[in-house]
Amino acid sequence: MGVSVALVITMLELVGLFTFATSGALLAIQKGFDAVGILVLAILTALGGGILRDLIIGDTPPAAFTDVMYLVVPVVAAAVTFFAHPLLQRWTFTVLIFDAAGLGLFCVTGTLKALRFDLGPLQAVLLGVMTAVGGGVLRDITARETPALVQADSSLYAIPAALGSAGVVGAYHAGLPLGIVGTAAAVFVFGLRVVAMVRHWRAPRAWTRRRPEVGR
Amino acid sequence: MGVSVALVITMLELVGLFTFATSGALLAIQKGFDAVGILVLAILTALGGGILRDLIIGDTPPAAFTDVMYLVVPVVAAAVTFFAHPLLQRWTFTVLIFDAAGLGLFCVTGTLKALRFDLGPLQAVLLGVMTAVGGGVLRDITARETPALVQADSSLYAIPAALGSAGVVGAYHAGLPLGIVGTAAAVFVFGLRVVAMVRHWRAPRAWTRRRPEVGR
Amino acid sequence: MGVSVALVITMLELVGLFTFATSGALLAIQKGFDAVGILVLAILTALGGGILRDLIIGDTPPAAFTDVMYLVVPVVAAAVTFFAHPLLQRWTFTVLIFDAAGLGLFCVTGTLKALRFDLGPLQAVLLGVMTAVGGGVLRDITARETPALVQADSSLYAIPAALGSAGVVGAYHAGLPLGIVGTAAAVFVFGLRVVAMVRHWRAPRAWTRRRPEVGR
């Protein structure tokens, strides 16, 4: 892979960091957390998935701890959200749109990095999805929410990311230009996630004779 | 350690992966999660403890990301559970039996791997127990259950694993054949866990003047 | 850095391990967990932040798994707390005092280790704070409490740690004697945290038109 791909990865990641951090900061404000909680959820949501990815492929210290921009961007996003959030009218939907943008960007960058470290196709897809959904799961667990990822009444989330990651893996092995494919995959994941939210597309549930209790 | 031990480790792990993944998938179905939630809990329960173990001993990427079988087995287990779970009549007990099998298998393989990476005896026991209980704790936290591991009203869980791990460490330093000892230890842990469940054996609680609130 | 600093780090860490483990064990007793739960929360609180730190800087196996004292101290602290806790009259405040001591000690040792591994100034502060607060967050998540770290109605916690870490980073780059500075920073963090608790100093919340629900 050439320099251009590394550049595309870095640029996509910085945009993704900002959107993910914003989604974390907005959830913290919704939950009534203080400034520290807002900063913690912003950093955790933005960097959690990437740190998991880098620990797993053994690229330590993770990018989040070597390039200072990876820290500066979530801190700025947290500060902007702290002051500017009243401008955002529709809380829940705004959180979800930002989240969808991060989902698309991070599954692509995670998959590309996994391929660069010579992981197999299936593992690269899993690591791409983990990069994308890991920060959000850590955010939800820290905020004591059941992760949207696993809930039956939430719209498709991991499935768009898995499809996008699989597309990137396929393009990589077919020798297609990764900058274009990666951007297209990120847009596809974002779009599919947003459409799934608007149309309430959901993943199937296992059939059960007696209806189980949902949540607690 | 010879080839035979490595083979025993791999075989035990694949069986353990299937049983742990099944316990995760069954809990997800009980909680009313969707297909993604079932797959996530299956993978997390099966691979979580081993990934923690490999990150700690510095063996990256973890086995779960190098040998594709470690991913295929939990995915198959999740799919089988998704369709076949109505055949399983007694939900809770079935989950616990599968969990006990995974407990025995993973504490042995975790301890053997820790010894292979030259950790001390006490550390090898801790890592063996972590390998065995780590996936279940991550499963419970993600599903927003108080981990059975720490609850006073749950039967012995970590203590059988600790005894099994200690037995493997002792046999290792005594030069006994690890294939036989490991199998015996796994069966012992499984049996002790099942007996503890049936007879409601519990770990002691600290004495308190006023009865504390349990759980939330 | 000379031998003396490494010695100071080790000594501070062993004291911090004991205090953190005690805070974890006391919370477990408050929650009605059993002996295993007490030991798990003691070990997790004491070693969680340091293990996170070592995984991130790539120093594997973490110190918690190479020097057996890092395991022995939390186990002893859990046993002492198990039997001696009725002597401790005021539960909640005692937990918080122990927690404050661990906070001061771990942010200093975490920052010093991050600097020793050549991390940048901002990253060293983040890693120092993570070392200090990581175990507590893992403790709270495992015990199904909303982490005190993010709650608006809890007194300053991460901010004293961040100030202490920043002081250590400044002193390191100014060439000041790290043994003295580290001790002073730990005492400062402990003192600021205790004063913040007594005077109910809190971090600011984001302004919201409608009061959001706090917690669940």
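Positions of Cβ are set from backbone N, Cα and C atoms, glycine also.
Where the annotation comes from TrEMBL, it is an automatic prediction and has not been curated.
According to TrEMBL, the protein has these features:
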{"type": "TRANSMEM", "residues": "A:6-29", "note": "transmembrane segment"}
{"type": "DOMAIN", "residues": "A:11-85", "note": "domain 'Glycine transporter'"}
{"type": "TRANSMEM", "residues": "A:36-56", "note": "transmembrane segment"}
{"type": "TRANSMEM", "residues": "A:68-88", "note": "transmembrane segment"}
{"type": "TRANSMEM", "residues": "A:95-115", "note": "transmembrane segment"}
{"type": "DOMAIN", "residues": "A:97-171", "note": "domain 'Glycine transporter'"}
{"type": "TRANSMEM", "residues": "A:180-201", "note": "transmembrane segment"}
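Outside the transmembrane segment (A:36-56), and at least 6 residues removed from its termini, the chain residues within Cβ reach (under 8 Å) are 13, 16-18, 20-25, 27-29, 62-64, 70-71, 73-75, 77-78, 81-82, 102, 106, 109-110, 113-114, 127, 130-139, 142-143. The average pLDDT computed over the domain 'Glycine transporter' (A:11-85) stands at 91.
Remote same-chain residues near the transmembrane segment (A:180-201) are listed as 5, 8-9, 12, 96-97, 100-101, 103-105, 107-109, 112, 132, 155-157, 160-161, 163-165, 167-168, 171 (criterion: CB distance under 8 Å, separation of at least six residues from the stretch ends).
Using DSSP to sort the residues of the domain 'Glycine transporter' (A:11-85) gives these counts of helix, strand and coil: 64 helix, 1 strand, 10 coil.
As a summary of secondary structure, the domain 'Glycine transporter' (A:97-171) carries 59 helix, 0 strand, 16 coil according to DSSP.
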